[in-house]
Structure formats: C-alpha cells, structure tokens
Amino acid sequence: MQKIITATQTRQADQFTIANEPISSVGLMERATKSFVVKFMEEVPAKNIMIAVYCGTGNNGGDGLAIARLLSARNYTNVKVVILQHSFKTSPEFDENFRSVQKLNLPVHIIQSDDELPAETSEIIIDAVLGSGLNKPLEGILKQWIDQLNALHKKVIAVDIPTGMFADEPNQADSTKFKADLVITFQRPKLNFLLPESALVMKSWEAVDIGLDEHFIQSCESELALIEEKDIRLIFKKRENFSHKGTFGHSLIIAGKDETMGAALLTAEACLNTGSGLTTAFIPPSGLIALNTRLPEVMAGFGEPGWQKYSALAIGPGLGTDDPAVAVLKNALKNFRGPCVFDADALNMLASDKSLFDLVPEQSILTPHVKEFDRLFGSHKNWNHRIKTMQQEARERELIIVLKNRYTIIALPTGMVYFNLTGTPAMASGGMGDVLTGIIVALLAQGYSAIQAAMAGVYLHGKAGNELEELGYSVIRASELAKQVSKTIFNFK
Ligand SMILES: NC(=O)C1=CN([C@@H]2O[C@H](COP(=O)(O)OP(=O)(O)OC[C@H]3O[C@@H](n4cnc5c(N)ncnc54)[C@H](O)[C@@H]3O)[C@@H](O)[C@H]2O)[C@@H](O)CC1
Ligand SMILES: [K+]
C-alpha cells in the first residue's frame, strides 16, 4: 500500500529528505531530473529530435534547466531552452541550474511578459513551466502563452505535473492547463491523475522514484492509497492438499432476465474460474438451456433459495428492477446472513427505495459504476466530491464501496480509500462489471473477508485485462476476461 500525498505533504517530504538524508535541495533536484531523463529516454530514444524545454522560474523551471543539461550530456543534439519569465522571482535552485546551463552551448531564449512567443519548430516540448507550486489558475500572459502552445498540438512531456493543473484540489474544467501526452511525475502519482477529469489534460503518466524518504511519506496523514501487488499477494492462500469442493464455499448468484441472461452467465463463469467450490445461479427459466450448455459446472436454481446452504451471495447483474426483482431483493435482504455483493440492478433498486438500502448488512460490498453511484448517493459536481461521499458513506454504513472506473476506487468502513492501478482501457466493454461481481463473490465464498475480496477481486480483474492486452487483444470481451482470471490467479502465486 502506497500512500497518496498532497502537494503540501510532498513539499514536506522534500524538506524531510533534504534535512535527514542529508542531501542539498539542488542535489535532490538533480536526482529527480536524472530519474526523469531515464524515463524520457525510453519514451524518446531518437537523439537528433528537436526538443524545446519550456521553463518557469521556480523549481519546476529549475528541473527543466537540469533536464536540458542532462539530455545534452546524453548526446541529444537539438535541445533548446525557452524560459517563460512571467515573474522576476526565481528560486535558488533555478538560479544554480541557470548558471550551469549558461556554461554550455545550449540555445536559451528568455521570453518576457511583453514579448511574443517565438515560432516553435521543435517536435517535442518538455513542460517545466509550473509544477506543484501552482496556487491559482493560470491567467494573463502565462495563460495566453500556454493557450498558444496548446494550439500547436506538439508532443508534450510534462515534468511532475502539467502546468496549470492542481495536484489534489479540484480543477476548474475550463481553466487553461498545458496539455500533456505524458507526465513523468516524481515519486507518486498525484490524486487528480487518477480521476477521469484528468483525461482533458493528460493522456498518460509514469511515476519515477526520486528517493524521497518513504518512511516519512508512509507516516503522512492520508486516507488515500494505491494498492500494490504485494498487498494482494499477502491476501492469497494456497490451495492445500486434501482440500475439496466444500473447502471453497458455495456461491449463490441471483442474476439475469430473459433478455439479460448473458449477465448471469458472465457472473457465474467468472465465479467458477475464481475458484468457488460450488456455484448456483438463480436465473429465469428461459435461461436454463443457455446455462446448462455454456456452464455445465453451474447449478440452476428457481423459486425460493435454501439460503443457509450458501457461503456468499451476488445479486443484481441483469436482474431488472420490476416488482418480481424487488421481491427477490427484499427476500435476500431479509433471509441471507452471509457476505454479499450488490451490483447493477440491485443497486438501482436500493437507490429507488432507501428503506431497502438501510437493510443492507454491514461489510457488504457495493460495486457501482459512476451512474449507479450517483443514483445511490446523489449527483456530484466532480470526482473529488464523489470520493468524499464514498468515504463518508462507507464509514457511516460500514460498507465496502467499489466505484468502478479506469482506476477503480475502493472505500472501506475504516475511511481509507484505495486506488487500483491494474486494468486497461481495452476492458471498457459491456459485461465487465458482471465479471468483477463473479470474481468477488467467489472470493467471499472461499472465506476471504469482504475487504480482502474487494481489493483482491478488483486487482485480479484488472490484471487479467493487462495479461490479455499483452497477448494482443485490442478490445477485451468480458467472457474472455472471465476465462483468463483462473490463469491470472495461477500466474500470481
Ligand atoms: N528540492 C525540491 O524542492 C524539489 C522540487 N521539485 C520540483 O519543484 C516543483 C515545485 O516547485 P515550486 O514550489 O518552486 O513551484 P513551481 O515551480 O511549480 O512554481 C513556481 C512559483 O510560481 C508561482 N505560481 C503559482 N501559481 C501561479 C500562477 N497561476 N501563475 C503564476 N505564477 C504562479 C508560485 O509563486 C510558485 O512558487 C515540483 O513540481 C517539482 O517539479 C523536484 O525537483 C524535486 C525536488
Ligand atoms: K510542469
């Protein structure tokens, strides 16, 4: 688990590292920019390409100057520096790197507030204008320059954070930000990189280690964290010799209608492949042939389930929200005593009847996508706001809320909020949520706690997608993912 820290805490981590390592501030900048350059060289291997490094006059600008010098030392032959002198205040680290650059043969253009921006012929722009020191949206000449640079549609690689973007405070949608193809960021991704609004500013990010004190970072007060592979490895138990189907629980899936039987099949298939000992699916009678043909391992159920024989319940995929579906949900809430996952239409029914929502047992897992989330908890003006709500609701209701997205967010009853980084845009296709529900219920049935099942389930789901993408899938079908998950678990152990 890696804590996500704010811009202010990052500054404190810089200061702590400088004082305690010890290392000078400019030494830390040198280390950060060396890490940047290693990643940059992987991204842009052609040494004769024209590169313009746009620098501000604070420490982000200081980074830019050091990067220009380091690239030149690594035989990039067409590097120039453009200093946007929107203010006359310079930081000592900027000044020191400016002196070093002046000793080299690098072209340096200084643009002052009343100057026109010169024509730009470089193919690559490095954005080192402003970083985490941003304290207000861009305005005046700086905004005008960045708007002009955006209009050139060059390949832009940003240092630490795109100029004009706040790291953790909500960003105004219409404020100017320097659009980046890639952000090479220091030590940790910033909270806002993990939220969908960032797509308006940046296409991708990579975090590089700059050797900030990890003990200090992990001791920062933060309720936000990234899930790491090692956290998930700790969760998984090996299948023991002499274990049998009874050891791995019995999953109950209540899903599907005549026209959405596929949702039930996908949930059940993922459940099987995640290792549920037995799986029973309560489905509409019209789905029986499909179930028996496609998934002979799954038992079908109709009418009233004998609740006590099941170890875990998943309810909702393709279930509909009509009166019979509401009756089924009420029945489950009244009678089932084991761990539950509520998904899709189950969530929609909970959203339309809050008295039902109040019956959801503590430690249940809810797996909404953003629309279902807003139906449950009201509309939100931005994702930062949504995270606050999920944190509060998870705490008050003692639920595990899994908000599905490119980086799925998991809020726990403890108030901690985890971001999962596995997964790929190739997974953005119908039925993926049903598969996640199947994976999670199978983990619950096998005796993993709700928190473990949610975290490991989300991680595995994304990891299965990454594995398929590596095999050459440009789009991943949910049924392929449901098949892959058994291999993902194998690869994981
Ligand atoms: N030793 C260190 O402190 C290190 C700093 N690092 C770099 O330092 C950056 C932060 O540097 P700074 O704190 O100097 O800040 P920036 O370089 O991001 O910004 C410089 C100054 O611009 C001004 N400013 C803020 N918003 C503005 C706006 N909208 N319009 C005009 N001016 C504005 C502020 O006075 C701010 O301090 C990080 O993003 C990172 O790139 C890294 O080199 C790691 C080491
Ligand atoms: K920047």
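Sequential numbering from 1, following the chain as shown.
The backbone N, Cα and C atoms fix where each Cβ goes, and this holds for glycine too.
What TrEMBL lists as domain 'YjeF N-terminal' is 10-218.
The (6S)-NADPHX binding site annotation in TrEMBL covers 59-63, 131-137, Asp160, Ala263, Gly318, His369, Asp434. Around Asn135 ((6S)-NADPHX binding site), no same-chain residue at least 6 positions away in sequence has a Cβ under 8 Å from its Cβ.
Taken from TrEMBL, the feature K(+) binding site applies to Asn60, Asp127, Thr163. Asn60 (K(+) binding site) is surrounded by 25 other CB atoms, counting those within 10 A of its CB over all protein chains shown.
Note on the domain 'YjeF C-terminal' (228-492): mean pLDDT across this stretch is 97. Residues annotated as domain 'YjeF C-terminal' in TrEMBL: 228-492.
When secondary structure is read from DSSP and collapsed to three states, Gly433 (AMP binding site) falls in the helix class. Sequence annotations record features per position, and here TrEMBL assigns AMP binding site to Lys404, Asn405, Arg406, Tyr407, Thr408, Gly433.
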Quick one: of the binding-site residues Asp127, Tyr407, Thr408, which has its CA closest to the CA of His369 ((6S)-NADPHX binding site)?
Thr408
Same-chain, non-site residues whose Cβ lies within 8 A of the Asn60, Asp127, Thr163 Cβ center for K(+) are Tyr54, Gly56, Gly61, Gly64, Ala128, Val129, Leu130, Gly131, Ala158, Val159, Asp160, Ile161, Pro162, Gly164, Phe178
According to DSSP, does Asp127 (K(+) binding site) fall in a helix, a strand, or coil?
strand
Cβ-Cβ neighbours of Asn405 (AMP binding site) (radius 10 Å)
19
How big is the Cα-to-Cα gap, in Å, between Thr163 (K(+) binding site) and Thr408 (AMP binding site)?
26
Whole-number Å only: compute the distance from the Cα of Asp160 ((6S)-NADPHX binding site) to the Cα of Gly433 (AMP binding site).
33
